[in-house]
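K.L.:
Straight out of TrEMBL:
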REGION    1-37  region 'Disordered'
TRANSMEM  39-57  transmembrane segment
TRANSMEM  63-85  transmembrane segment
TRANSMEM  106-132  transmembrane segment
TRANSMEM  199-229  transmembrane segment
TRANSMEM  249-270  transmembrane segment
TRANSMEM  282-301  transmembrane segment
TRANSMEM  313-334  transmembrane segment
TRANSMEM  346-365  transmembrane segment
Amino acid sequence: MSGPRPVQNDRDTGNGLPKDISSDEKPVQRGAVPTSSSIGSNLGTLLLVGFSLALIFNSEYDPLLACIGFSVLAYVITAALIPILGPDFVRVGFFGRDLGKKDRPIIPETMGAVCAVVYLVTLFFFIPFLFYKFFVTETSGSGNREHVLDTATLHKGRSLRMFPHSKLAEFLAALLSSFSMLVLGVADDLFDIRWRNKLFLPAIAVLPLIFVYYVDFGVTSVVVPPFIWKLLNPGMNSTSAVPPIVDLGAFYYLYMLAMAIFCPNSINILAGINGLEAGQSLVIAIFLLINDAMYIVPGRILGLHPPHPATEAHLLSTYFVLPLVAVTAALLKYNWYPARVFVGDTYCYFAGMVFAQVCILGHFAKTLLLFLVPQIVNFIYSAPQLFKLVNCPRHRLPKLNAETGLLEPSRVYFVVPPKGAQLLLLTTLGNLKLLDLELDPETRVVKSSSNFTVINLVLTWTGPLREDRLALLILAIQTGCCAVGLVARHTIAPAVFGRDNL
C-alpha cells in the first residue's frame, strides 16, 4: 500500500478523522480530487460512451466487440465514480497519509473497491451478450436450451452445438471468486489482518472456481520437456509429434491453489509508492491480452487458418482481462504521482485474483509466471523479512528525505547485533550489493540495513529518486520482463518443449 492504514478506532471524534487530525484539515490538500462535473461535461467522455454503446450493440452480435464496448464504459464509470466517492471514503474512515510527501496529505483509501465493483457489475451485464448467439440463433425458440437448429451455424467458425453450460459455470465461478476476494480485501483494509493470517485467504476465494474446473474440465496434465519425460520414463521413447505430458493428478489442484495464493499477495507485496500497484497490474494485463491475441487474431479474425483449439480459452481470458485493463487505467489516473487516492489492499487482491483465475481457466499458468518475474524476485528477496529471519517493520516503503524531496531506502535497525545465519545472510547480500548495510565504525557490527524489497533495492543501486521516477523505473523493469517473457514463451519454449502451442 502507498500509505498508512486508516485509524479505525478513533471515530469518536464525530467527524471520521483520527484524533491527531483537526476537523478543519481538509483531505487531499495537495492536488484535490477533481469534481465529477468536469468529467461528466467532457465531450470526450460522451464520445466514449457513444462508442462503447455502438460496440456493445454491434450488428454481428460479436461478444468480443461487446466486451470491448463494456470495457470502455467501465473506464468512463470508474473515472466518474472515484472523485465522487473519495470524500465519502474519507468520512467513514477509509483514508491514510501519504508518507512520501512533505506535507503528508490525507488521501482516500481502498478506492480499489470501486474498481472491483464496477468490474463485477460490467461482467454481470456482459453475460447475455456473451451467450446471445445461443439465446437467439442457436435455440429453437421454445425455451429448450439443450437442442439447437440443425441449420444454424455458429459465428466465425466456432462449432458448439449445444448451450455451453460448462462455460457459463466457469464464468460465474470466476465472478464468485472475484467477489469473494473483494470481500476479503475490504475486510483486510478494514481490520488490518495480520500477514500470516491473510496469506491463505485467496485459496478460500478460488475454491468455487477450482470445484467447477474439477467437474467440467478436470485436466490435470502438463506438457514437460522431452528430456524430463525420458527421465521419468527411462524405458520408453517419445517419438510422437505431440509433446509428452505428465498427469499431476491432485498435485495440479495444489498447484492452482498456490497460484491463487501467490498472485494476489505478490501484487500486494510489491507496493508502497504512488501508481505502482495499479501500474504493474496494468502492464501484466496488457501483456496477457497480447498473448491472448496471438491465439485469437490469426484464425478467428483474419481467417488465416482454422481457429486454434485454445482459442475459446484465450477468448474467455480476454473477456476477464479487458474490463480489468479499463478499470485499472481509470484508477491509475488518480493514483499516479502525486496520488489523489490510494488503491488499498482490496485492489491488489482483486487484480491478482483475476490473473489467477484466467490462468486456471486458460491453462497457461507457466505463461503468467513469466509475466510475474519481478513479483517472484521480490517475494524471494523479501522472504527473510516475511518469514522473520530478519526483523520486518510494519511499513517497508521508501523513506522521504524532507530536505531533498527524494525517496531513499527505508531501513531496519538491529537492537541486538546480528549473528549466526542472520549475520551470514546480511554480509553475503551486502557483499553482492543487494543490501545497503550500516556498520559501526569502531566494532564493525551491523547496525542497520535497507529493507528487503525490490523498491529499496532499486534505490540502493540508483541512489535517491523522486517518487514518480522511481515508479516509472520499476514499471519499465516490469514491462521489460513481460516482453522478454512473451518472446521466450514463443521462441525458447518451443525449443525446450518441442513445439509451440501456436
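Even glycines carry a Cβ here, placed using N, Cα and C.
Heads up, TrEMBL stuff is auto-annotated, nobody curated it.
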K.L.:
How about the transmembrane segment (346-365) and the transmembrane segment (39-57): at least 3 CB pairs under 8 Å, pairs 6 or more apart in sequence, or not?
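P.N.:
Stretch pair does not touch.
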K.L.:
Can we call the transmembrane segment (199-229) and the transmembrane segment (106-132) in contact, meaning three or more C-beta pairs below 8 angstroms at a sequence separation of 6+?
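P.N.:
In this chain the transmembrane segment (199-229) does not contact the transmembrane segment (106-132) - fewer than 3 Cβ pairs sit under 8 Å.
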K.L.:
Check the transmembrane segment (39-57) against each of 63-85, 106-132, 282-301, 313-334 and return whichever range has the most CB pairs under 8 Å.
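P.N.:
Maximum Cβ contact count belongs to 63-85.
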